[in-house]
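The structure appears below as structure tokens.
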Amino acid sequence: MSLMAHVRRKLCRGHLLRCTLPLTLLLFLTVGLKHLAIDCNLAHNNDIPMGSCMASYYTALNLSAPGEKNCHRIIQGDTEEARRALLDNLMVKKRRLVATDGDYINATSDCKFFRERRKYITFSLSQVEQDFPIAYSMVIHDNIEMFERLLRAVYTPHNIYCVHVDKKSPESFQQAARAITSCFDNVFVASKLESVVYASWRRVQADLNCMEDLLQSNVQWRYLINTCGTDFPIKTNAEMVKALKSLNGHNSMESEIPPNYKKRRWEYHFELKEDSNKIVQTNTRKKPSPLPVPVFSGNAYIVVTRNFVNSLFVNPTAKKFIMWAKDTYSPDEYMWATLHRFAEMPGHMPAHQKYDTSDINAIARLVKWQSLEGDMNKGAPYIPCTGTHRRQVCVYGTGDLNWMVQQHHFFANKFDPKVDDNAIQCLEEYLRYKTFHPTENVA
């Protein structure tokens with residue numbers, strides 16, 4: 001026996017606590033640190049993380065934008081930094097390669113690697129979010145990279161996502177979309193697909209197909225949000241849950257008295273010309289709507305309760321109205337808005353004009369219409385678009401971000417990586433940071 005062992009044994013004789021307490025403490029620290037390491041290890045944790053793990057999780061899952069741009073300064077409104085990013089975008093987009101359908105088909109051959117490489121958040125971040133699942137109806141037809149980035153931005157394991165893929169889309173796009181969805185238990189392609197035509201009934205039917213599938217899922221979601229492939233969130237999932245709870249069971253969408261020029265869209269019978277994929281007005285006037293309220297104007301994007309969605313399929317009057325709308329022009333721009341004012345629909349708002357809601361006041365979608373852009377000091381609702389315009393709608397640029405993140409909407413439309421990918425990259429970085437640092441004021 002060594003001299004030190006002999007001395008230690010002699011000191012411990014008759015002093016059991018003196019010797020066992022340090023050993024017990026050492027054992028406790030060893031086991032405790034081991035479990036702490038496991039709790040903060042993404043490979044071992046599918047549970048809600050402890051607050052002490054959030055920093056290490058963010059380090060592993062951050063989506064810092066590539067290049068030299070400073071997204072934090074851009075989001076905070078640094079006009080010089082935004083200008084540099086816009087100039088950088090002009091140079092980068094000439095040589096940037098957008099991910100193809102084939103790239104995603106290959107990348108998803110190993111789903112675990114795909115989820116890790118693309119930094120999906122595969123665990124719930126709070127009990128509040130876990131107890132308030134959201135359903136998504138995602139209608140897409142092209143640009144697989146934009147769809148996948150949108151999915152990653154809104155993905156949580158407790159939500160449920162239905163993806164409607166246009167039947168007219170190239171086979172490679174459809175395969176890529178199915179490949180991506182196959183990597184998640186709570187993401188699926190709609191059971192019935194439509195050949196969507198702009199301004200036709202089929203655009204509404206695409207959402208209805210997803211709604212029906214979502215009602216049949218095992219997830220007891222509370223609200224439904226519908227999106228398209230050019231949307232991107234400007235709120236985290238936690239922020240959306242907080243806002244949805246504050247609705248107190250009401251829906252949120254644009255719903256206003258329509259301008260006169262829009263009324264012909266539902267006053268006349270329209271036909272879809274299959275050879276040209278265009279909607280054509282006939283001389284046949286339609287019978288009045290079966291609803292006991294006037295027709296209201298809105299848009300395709302809505303935030304509605306589960307009970308509202310269920311009533312679309314079971315309320316007799318709502319079903320008659322849906323049938324009545326099938327031969328009209330762009331029914332998505334008035335059907336939801338009108339049903340929202342029907343007293344038998346859950347979460348409705350009264351039909352009186354005092355309850356009219358503009359797209360600015362609704363939370364569903366932030367859109368900049370070219371005709372309304374201008375100097376806000378002179379009464380314009382928003383500043384000019386810094387990207388470009390498509391169908392009179394702003395395709396956002398980096399310079400729009402500071403204004404955008406100060407709005408209350410859940411999503412903004414439109415985005416396109418071919419127009420300004422820096423805008424999307426900075427939003428990705430901003431949202432991921434806020435997700436793991438919810439109490440910080442980043443903007």
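Here the Cβ of each residue, glycine as well, is placed from N, Cα and C on the backbone.
What Swiss-Prot says about this protein:
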| type | residues | note |
| --- | --- | --- |
| DISULFID | Cys71-Cys228 | disulfide bond |
| DISULFID | Cys162-Cys385 | disulfide bond |
| DISULFID | Cys183-Cys210 | disulfide bond |
| DISULFID | Cys394-Cys426 | disulfide bond |
| CARBOHYD | Asn62 | N-linked glycosylation site |
| CARBOHYD | Asn106 | N-linked glycosylation site |
| TOPO_DOM | 1-15 | topological domain 'Cytoplasmic' |
| TOPO_DOM | 34-443 | topological domain 'Lumenal' |
| TRANSMEM | 16-33 | transmembrane segment |
PLDDT averaged over the residues of the topological domain 'Lumenal' (34-443): 95
When distances run from the Cα of Cys162 (disulfide bond) to each of the recorded positions Asn62, Cys71, Cys183, Cys210, Cys228, the nearest one: Cys210
Cα distance (Å, whole number) from Cys71 (disulfide bond) to Asn62 (N-linked glycosylation site): 13
Three-class DSSP secondary structure - Cys385 (disulfide bond): coil
Neighbouring C-beta atoms (10 Å sphere around the C-beta of Asn62 (N-linked glycosylation site)): 14
Which listed residue (Cys162, Cys228, Cys385) has most other Cβ within 10 Å, given these are disulfide-bonded residues: Cys162
Proximal but sequence-remote residues of the same chain as Cys394 (disulfide bond) (Cβ under 8 Å, at least 6 apart): Val367, Lys368, Trp369, Gln370, Glu373, Cys385, Gly387, Thr388, Asp400, Lys414
Closest of Cys71, Asn106, Cys210, Cys228 to Cys426 (disulfide bond), Cα positions, recorded positions only: Cys71
Asn106 (N-linked glycosylation site) to Cys183 (disulfide bond) - Cα separation in whole Å: 12
Cα separation, Cys183 (disulfide bond) to Cys71 (disulfide bond) (Å, whole number): 30
